[in-house]
Amino acid sequence: MHLIETLFAVLGLLSFASWLFLINPADCGDGTKMCRHSSSVGVGTFYLSIYLIAFGYGGHQPTIATFGADQFDDSNPKAADSKAAFFCYFYFALNVGSLFSNTILVYYEDSGKWTLGFLVSLCCAIIALLLYLLGTSRYKYITCGNPLTRVAQVFVAAFRKWNVAPGTADALYEVEGPESAIKGSRKIPHSDDFKFLDKAATITQYDLCGRKDPWRLCTVTQVEEVKCALKMLPIWLCTIIYSVIFTQMASLFVEQGDVMTSKLGDFHFPAASMSALDICSVLICTGIYRQILVPLARRLSGRSKGLTELQRMGIGLVMGMMAMIAGGVTEIQRLKLVRPGEKKSRLSIFWQVPQYVLVGASEVFMYVGQLEFFNGQAPDGIKSFGSSLCMASISLGNYVNSLLVSMVMGTTARDDSPGWIPADLNQGHMDRFFFLIAALTALDFIIYVFCAKWY
């Protein structure tokens, strides 16, 4: 709740900064009327606002997914199925919001009405806060303390006992009774993975003589929490390359569309609005998946969920790779229809439809599968950590994409060569960059299959 309030306050600050400091004179920035230079106070307030939004969003997004999942009782088979549906509809709701921002807000952006766009976002945050408050009395709250402290304790305790041989499973430290020492978390049975971490739960003579220090002696459940997190990391690392594909929609796909014919009669179709096709694809594919594919897969496989989360993530990787191939083919055709001296190609922007639709369809499998997998596999005490991994992969995908672009341009833009992605795309070969990402995704998929089988 505090994070929603933070977003609410910061969006208000951002609207104020754009109205008072940045947009001067009014209605400037439309390509005709030029804006005056902004003051240092205005620029500082603006950057403070957007960084605080990123901070609030980073805490809000994974927490709300975990909080929603906590409302379902895993011991009830019907509730478990409803929980799987929740992640689908949670991602569905995210994309309904994205559809709004990629149509209405993009229109305000193209018109130079930045303050109005920020105020609309502020109104949406107010509505979200009110809707949240309406259900406050009915929510189920589960608190498990700070997982980062517990993870640190396991590593510190294991390091302190570096020369101690790990104890046998029945000799490791665990509190008595059905409940674990972690409030709100069930006990986790011992596993043989990462045996070196068992040192943290190994009881030494020092532990018997003095007070049980959590930085020297941890419970089996606490150690198993860390083991679960470590086992999920290889799967998570394999999802980062998919986030590079997802990043293209807000970067190179838009640049590609900007140099294509984008008029539909007298209406100019903004290149940035093409991402609405991705969102529509997500909305349609979510319905198809829940109503058609899940029942069909359930009959064929005999599993209640139909496809497992790992299988769905693998399908998402393959579909993402196909989207990159489609983007590369579109770029080849675009370059063929570029007339000398003209910036835009004669190729219609609607050639981009397949790549946007494929990315949208892949999201239903990859991101929904990720949310289910990391939340379902994470122990009670680190559920939010599992959901945070999904958001972290998207963020890292942006950084990896920037790194890839820099490496590609550093390698290909030499001597008189403009490189694959120059300022004038008609002089470059962006298709090769798309095919490079497709090849990296294919390699990542092979590694992912091995990691999934190991898991």
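Keep in mind that glycine also has a Cβ here, set from the backbone N, Cα and C atoms.
Taken from TrEMBL, the feature signal peptide covers 1-28. Marked as transmembrane segment by TrEMBL: 38-57, 86-108, 114-134, 233-254, 269-289, 310-329, 349-368, 389-413, 433-451.
Ranked by number of Cβ pairs under 8 Å to the transmembrane segment (310-329), the listed stretches 38-57, 269-289, 433-451 are led by 433-451. The transmembrane segment (349-368) makes contact with the transmembrane segment (233-254), as judged by at least three Cβ pairs under 8 Å among residues 6 or more apart in sequence. Contact between the transmembrane segment (233-254) and the transmembrane segment (269-289) is present: at least three CB pairs lie under 8 Å, with pairs separated by 6 or more positions in sequence.
Outside the transmembrane segment (389-413) by six or more residues, the chain places 58, 61-62, 65, 232, 236, 239-248, 251, 367, 370-371, 374, 419-422, 429, 433, 436-437 with a CB less than 8 A from a CB of the stretch.
Beyond its flanks by at least six residues, the transmembrane segment (433-451) meets 234-235, 238, 241-242, 244-245, 248, 252, 313-314, 317-318, 320-321, 324-325, 327-328, 331, 404-405, 408, 420-421 of its own chain at Cβ-Cβ distances under 8 Å.
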